[in-house]
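J.: This structure is in structure tokens; I'll ask about it shortly.
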Amino acid sequence: NYWNAASFVTSSSYLHFSTFQGETSADISFYFKTSASDGVFLENLGNTDFIKLELKSATEVSFSFDVGNGPVEIVVRSPNQLNDDQWHRVNAERNVKQASLQVDQLPLEVRKAPTEGHTRLELYSQLYVGAAGGQRGFLGCIRSLRMNGVTLDLEERAKVTPGVKPGCSGHCTSYGMYCANGGKCVEKYNGYSCDCSKTAYDGPFCIKDVGAFFEEGMWLRYNFHSPGTSVKDLVSRTLLSSADPEITAPDLSLNKEELSFSFSTTKSPCVLLYVSSYTQDFMAVLVKPSGNLQIRYSLGGTKEPYNIDVDHRNMANGQPHTVNITRNGRDIVLQLDHYPPTSYSLPTASDIQFNSPKALFLGKVIEIGKIDQDIYKYNTPGFTGCLSRVQFNQIAPLKAALRPTNASSHVHIQGELVESNCGASPLTIPPMSAATDPWHLDSGKQASADFPYNGQAIGDGVNRNSAIIGGVIAVVIFTILCTLVFLIRYMFRHKGTYHTNEAKGAESAESADAAIMNNDPNFTETIDESKKEWLI
């Protein structure tokens, strides 16, 4: 019902419905879009009673009615034009206590009902949406018309009404910005949709990453030249944007490329992406043995390929990383993750044409002919990890492999390709400021600074992690020692040597007194003395 709409193409066009039953309360809401400056939205009449909503001017919407106490009009004035061919919402309400009108998010206009008088709205004519009674009708589109909670089926009635068309056009004018990542907004009579076919994304708004997990030894090849297609057709149809006037099919070459993807891996070295050609030209994105990223261009004119080394960041740390590379002639712009873009330039002697592109490889290079020595070395055992939203100009090889499209015939896969979003880039990571970025260098220091290789580059992070681990180990050892000391003290407190003054021969004595007498001679003598009798 949200997109149930009708387009009024003449000022005399209208739709009619049964009489509006709103005697004591009326709740009317709808959206409109127009380029006209005035027109009646809807009207329903009685003998003297009526209810009407209209666009009075390019900045005014009016809600008027009469329940027998005389006409009442509420007007909302907008500071901006309402005939800007954008959607605007109108909400009008009336009950026995008050009436109100609101347009978009403008302040609500309220009118109190008189304390005495009529309160019932008595109508008998049909409800007219659009022109009524010879008045100038609304020109434009109305959708989602609800009256007392009931959505009127504008589309169905418009199908059998001259001068009115079902649905609306121009949705992309208002909502086209929601088609993200290069998705194209497509008009539909009852809404819009996003065409994601020219992007590496999926979903209704082209925001879902399409990615896959690559096992060791697995690779994907996207052939720009499909069987039965000439190289000329290949370049004009698959690689080059029709909106790009600088590149034409007869050139069989590229003056510019746009490459973007995200990945995650813990293994190095490896080949992430490689673009081959029918000549010796190529482009490659590699992870070096140190875990650092390298972009390699060979377009002819130089003995060695032109390398861009990013030696101060470890990319083989298992975290998702985003890579965006744009080349326009001799100028190359590289952006990694959320860091600011960095500009590079091909050597003066280098050619700027990527001649006769042939195929794009992911994970591993399986190509006939001579391959660069370093790439051949990094090619074994191959990439292990995740690749996501890979796009080279207008080509999305992973999406072509995982989604049945016309380009699927260009794809060849070695191994089992499992869809996964494990390589998807983080969505919201704000850029670091110069004060908090550990890699930021002042312009004066930048020229003389030499970034260390991977082992030193991440030294601060390793030292920080080592300190944390060491602290945890120290606490554990200290706790164990304290526990041992406590146990030892407890054992010796309850288990020791006791010394007593127990009389010898106690084992054979008949009683304790006997044992004392047997053991202590003085005690015996004392008893003997006491037994003597004296005669006085």
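Quick reminder: no glycine exception, Cβ is built from N, Cα and C everywhere.
For reference, TrEMBL lists these features for the protein:
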- Cys141-Cys168: disulfide bond (DISULFID)
- 4-168: domain 'Laminin G' (DOMAIN)
- 169-207: domain 'EGF-like' (DOMAIN)
- 236-422: domain 'Laminin G' (DOMAIN)
- 467-488: transmembrane segment (TRANSMEM)
J.: Residues sitting near the domain 'EGF-like' (169-207): Cβ under 8 Å, six or more positions beyond its termini, same chain?
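T.: For the domain 'EGF-like' (169-207), the list is 3-5, 7, 33, 85-87, 141, 155, 260-261, 389-391, 394, 396, 398-399, 403, 405.
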J.: How does the domain 'EGF-like' (169-207) divide up by DSSP, counting helix, then strand, then coil residues?
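T.: Counts, helix then strand then coil: 8 helix, 12 strand, 19 coil.
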J.: Can you tell which of the disulfide-bonded residues (Cys141, Cys168) has the fewest other C-beta atoms within 10 angstroms of its C-beta?
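T.: Each of the disulfide-bonded residues Cys141, Cys168 was scored; lowest Cβ tally within 10 Å is Cys141.
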J.: Given the model, what does the mean pLDDT over the domain 'Laminin G' (236-422) come out as?
T.: 84
